[in-house]
Each structure stands twice: as C-alpha cells, then as structure tokens.
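This report refers to the structure that appears directly beneath it.
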Number of protein chains: 2
Amino acid sequence: MSKILVFGHQNPDSDALGSSIAYAYLKRELGVDAEAVALGTPNEETTFALNYFGVEAPRVVESAKAEGADQVILTDHNEFQQSISDIRDVEVVEVIDHHRVSNFETANPLYMRLEPVGSASSIVYRLYKENGVAIPKEMAGLLLSGLISDTLLLKSPTTHATDPAVAADLAEIAGVNLEEYGLALLKAGTNLATKSAEELIDIDAKSFELNGNQVRVAQVNTVDINEVLERQAEIEAAMTAAIQANGYSDFVLMITDILNSNSEILALGANMDKVEAAFNFKLENNHAFLAGAVSRKKQVVPQLTESFNA
Amino acid sequence: MSKILVFGHQNPDSDALGSSIAYAYLKRELGVDAEAVALGTPNEETTFALNYFGVEAPRVVESAKAEGADQVILTDHNEFQQSISDIRDVEVVEVIDHHRVSNFETANPLYMRLEPVGSASSIVYRLYKENGVAIPKEMAGLLLSGLISDTLLLKSPTTHATDPAVAADLAEIAGVNLEEYGLALLKAGTNLATKSAEELIDIDAKSFELNGNQVRVAQVNTVDINEVLERQAEIEAAMTAAIQANGYSDFVLMITDILNSNSEILALGANMDKVEAAFNFKLENNHAFLAGAVSRKKQVVPQLTESFNA
C-alpha cells in the first residue's frame, strides 16, 4: 500500500493548507500512511500562520503518479480543475470539503464528508473529536487560521452557526486570542504593494466551468479598495494576458475590504452581460461595487452560475 | 420554508426505501419538515419488509416541483439520471449515499455524507447515533432490510468491516433473528415466475453514462440461475425493446444466485467487446458466468467503466 497524498486546492490558502496538514496528521494518528503536500507555495497570510505556529510548509508536488501515489485525499475542494494535474489517473479515496460539488466523479465508492460550514478546517476539527484524537497546539493553530481566513474572522455569510464555538475551542487549544490573532492573520494577507499585477490576480484564484465557459474568479483582501484600483491598468493587463494564455472566457476579480466587509468587482471577458445580470449592477470602466459581499462561494459563484445558465 | 422531500433512486430497492424513510423520520425528530417519498413502487422484497414491520409504502412522486418542494435530500444515490425527473430544477441540500459519485453537481455547498459501506442504511444508522436519537423498532427493521438487501446478508464484497455490528444492533432493536429474517427477506425477492420479462429486467435496474454510452445494468436475485435462463428468449426480447425505447447503447443483466454468491451475465448491445474485456470472459449465446460476483457496484460497474474508458 503506497502513501496516500492529502492536499488542498491549487493556489492554496490558509484553509486548504490548514485542513490538509491537520487531516494528514489525524490520518497518521489513525494508522494511515498519509502525507500532506501542496499544489503551490503558501501565500503571505498562510506563511504568517505557518511561522506563528512553527510548522513547515508542505512540499509542492505537480503530479500524484510522479510521487508514486495511487490514492489521494482532497481537502477544501472537489472540482478536478482546481486539483492536482493527474487527478483523473488516481483514486480519490476521501474528500473533506465545504464547497459546492461540480466536475467531480469517481469510479468507486469513497468517503466524502461535505458540510455547508465556514471552512474545511471546521470539518477536520469535528473529525478529530469524532475519532477521539487530541488536537496538538500547532494543528489547532492551523485549523483556526483556515477558519478565520475563509470566514474573514467569522464575519462572512459563509460562517455556520457552529463555527464560533469551533473557533473559540481552537483558539484556546492554540493559545491565542481569537480577535487579536485573527486580525493579525488577515492583515498579513493584505500586503499587496510588493506584488506584481500577475501575482496579485493569482493569490487566490479559482476556475469554474459555467455552461461551457471557463470563468476565472479571483479574490484579494485589502484594507483600502482604492489603493488596489489605483493599479487598475496593470491589473487589467494581467487579467487580459491570463485570459489569452489560459483560454478563460472571463476574469472576475473581487477586491474585498476586510474591515468594512464589501467588495469591488473588476471584470473583463466575453460575457460581461452575464456578469452584470448576475449582480444586477452596471460595470463602469470595468468595475462596480458589491455592498456586503465578501464570499466568493456564497455571494459570487452561485450568482454567476445562475446567470450563465439562464 | 416548504417541505423537504427525501427519496432514494428510481426502481427503489430495500436500501433506497429503508434509508429514505428512516432518514426522513430522523430529520423530523431534529425539527426539519421532511417527508419520505418514492420514485417508484416497492419491489416484492421491499414489500415483504414493509409488511413485516407494518410501514406503509411512501407515495410515489414524479416531480419535486409539482409537490411544491424546492429542496430535496437524496439517499442511496447521487447520479442525476437515477433521481427525480426535475432534479436539476431543485436544490439538493443533502446526500446520504454509499455509491461512486458521477453526474452530480450543485450550485451551493451542501451536506454530503458518503461512506464506502454496505448500504446507505448503515450510514443513516450512524446518523441516529451521532444525533442521539433513538431508533424506533420499525425504522430499525427497514434499515436492517436495506443493509441485508444490499449486502446479500453480509456476504457481498461491498460489506464493510463495520456492517456486521450495525446489522446485529439493528436486528436486536427490530426484534428479529438476523439469519432467519435475512433469508426470508432475500427469498421474497426471488419470486420471478410471476413477473413478465419486461418487469423482470426493471426490478433493480440503473443507467450509467460510460464514456458517452448509456449503459443499463440490471440485477435479479434467484435461487436457481437456470430457471431464469430458461426464459432467455423473452428476456432478450425485453432487453432489446428497452434498448430501442430508451436509447441505451447496451443492456447488461446480472442474474445473481443468492445462495452460492455467483452471477450469470446476460448482455446485449453495441459494445459487447467492451463488456467481454471488462470481465475477461467470452459471451456465448449472449451470456457468461461470473464466479463470485454478486455486487453490481463493486464487481460490475467499475470494471465496465474502466473498459469503456480504455
């Protein structure tokens, strides 16, 4: 029996890395030869969390087969285009996720644990409890970071009624103050000044197949939307280049104000009518304000899906 | 908030009905307005179980929208072509299943609990335990019937290591002897003499999309394979008619000997080379023996999937 690789999605964020590292640890405690790997290097926010809790970033892999693995466990994603390059050549034996299901299939029955909660880390927390395994301090810290990151410190509408209690328990195990640590973690991810436009649109970007269109939806966190819009020209150039290089039909960028919980949408591509219809707004100079929107998963992708399918 | 409909797959078997009836009961105990319905009338085996435990068959529905339901819970299946006719027009809020995942997608995050165990009923049993809800005697009887039916009394390779203990506990709650009740249940499903050939090939039949082909895979249980093969001519005529009427590329019928745990495969259609390659056998007069095969899910569909994709 070869090693089972455990990983989150491409462009890993704090929840992808936290859930995969902590779930691989749990599987090993349960006697399974599991290793957490990553489909990319950690972003600045996640690097802050890894450094804070003294955990090394998982090694980056490009192919499961090249690692000698026949079986994989996915955390924080299920859509194949967000997964490892050779996902169709290996067996997915487990999925721990909190997203919609799409472009996912298996030949065999599997263990699949999806819950509509704030983070995949919330589910991994529950699986420790169900299996009676104590959560080590540093694993609690990474799971907490995943939950804080995905819910913008429990403020996003994706926050589940059960998540605050999970966060409180994890903060206690991790030995941090939830609010203080949470704000420090989120702020670590808003340092966009050092990023090129190409890097910026790829910090947290996912592709979605919407009615035959490949739509790229990226998100950046900031404490000042205008600071990002000042770079609109170079960001648009990077978006256009990404569209052409990857065959995207559209590129939708959420510029999210983490302090006031709003987003500016900057969008380019072939289906701007559908993007406008999705949010019932009018793009001016390619962008528009989306009040109260902070969640790609709940406040952007479902609306785009419906509009593209209309 | 309108009522949530809970149902198993088309051509419901004992696991589809047992898991949906018992899960709807659990959801109601948890305060959710849920109703079990069915996508077809119960077969003879399931009718035996319903009568034994004094439970009425759920009403048969054709469309969720027509029932005023916007949300549904699927048990014992996830593939849309095995589900309700308007599955794409409603929101799937939960799935409790033990099959592979295919042709399934949602616009929103959901609760999805899949485990590679012997029956969906085994998972529903666990969900009662996790939620601290006592299992009523008749619900235990239906869940037990689902588990016995799907695992051929725990003999199928789909039986999970945890299933015997689940069966023992359910038998105790239901007040039956596992072996005696189990054999009586299975034998109730082998009375094929009263069935027309059209009925016989539809008792337990599912469609699978294999590399663009619509492949129908049906299974009948018997205590004497030859008794079924004596009706080969009329069964083949029914299979051919079903192929033409429904656009199937192929029709594969498993005739399963529940006493000796073997199957005879009777197959017709456009891809017999792929069917032969799947099982490494040669069809003679359209049929061939498959020693030790009793599970469509583990011993037939994965092999067909691989062969059709080769």
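Every residue, even glycine, has its Cβ placed from backbone N, Cα and C.
In the record from TrEMBL, residues A:Asp15, A:Asp76, A:His98 bind Mn(2+) 2; the candidate from A:Asp33, A:Asp86, A:Asp89, A:Asp150 listed for the same site is A:Asp150. Here the C-alpha separation of A:Asp150 (Mn(2+) 2 binding site) and A:Asp13 (Mn(2+) 1 binding site) works out to 9 Å. With DSSP classes pooled into helix, strand and coil, the tally for the domain 'DHHA2' (A:182-308) is 51 helix, 37 strand, 39 coil.
Of all the binding-site residues listed here (A:Asp13, A:Asp76, A:Asp150), it is A:Asp13 whose C-beta has the fewest other C-beta atoms within 10 angstroms. Within 8 Å of the centroid of the Cβ atoms of A:Asp15, A:Asp76, A:His98, A:Asp150, where the record puts Mn(2+) 2, the same chain has further Cβ atoms from A:Gly8, A:Asp13, A:Ala16, A:Ser19, A:Asp97, A:His99, A:Gly118, A:Ser119, A:Ala120, A:Ser121, A:Ser122, A:Gly146, A:Leu147, A:Ser149. Calculated from their C-alpha atoms, the gap between A:Asp13 (Mn(2+) 1 binding site) and A:His98 (Mn(2+) 2 binding site) amounts to 14 Å. Taking the centre of the Cβ atoms of A:His9, A:Asp13, A:Asp76 as the Mn(2+) 1 site, the nearby residues of that chain (Cβ within 8 Å, site residues left out) are A:Gly8, A:Asn11, A:Pro12, A:Asp15, A:Ala16, A:Leu17, A:Ser19, A:Thr75, A:His77, A:Gln82, A:Ala120.
On its own chain, A:His98 (Mn(2+) 2 binding site) has A:Asp76, A:Leu114, A:Glu115, A:Pro116, A:Val117, A:Gly118, A:Ser119, A:Ala120, A:Ser122, A:Ile123, A:Asp150, A:Thr158 as residues at least 6 apart in sequence with a Cβ closer than 8 Å to its own Cβ. Checking the binding-site residues A:His9, A:Asp15, A:His98 against chain B with a Cβ-Cβ cut-off under 8 Å leaves A:His98, in sequence order. A:His9 (Mn(2+) 1 binding site) and A:Asp15 (Mn(2+) 2 binding site) are 10 Å apart (CA-CA, integer value).
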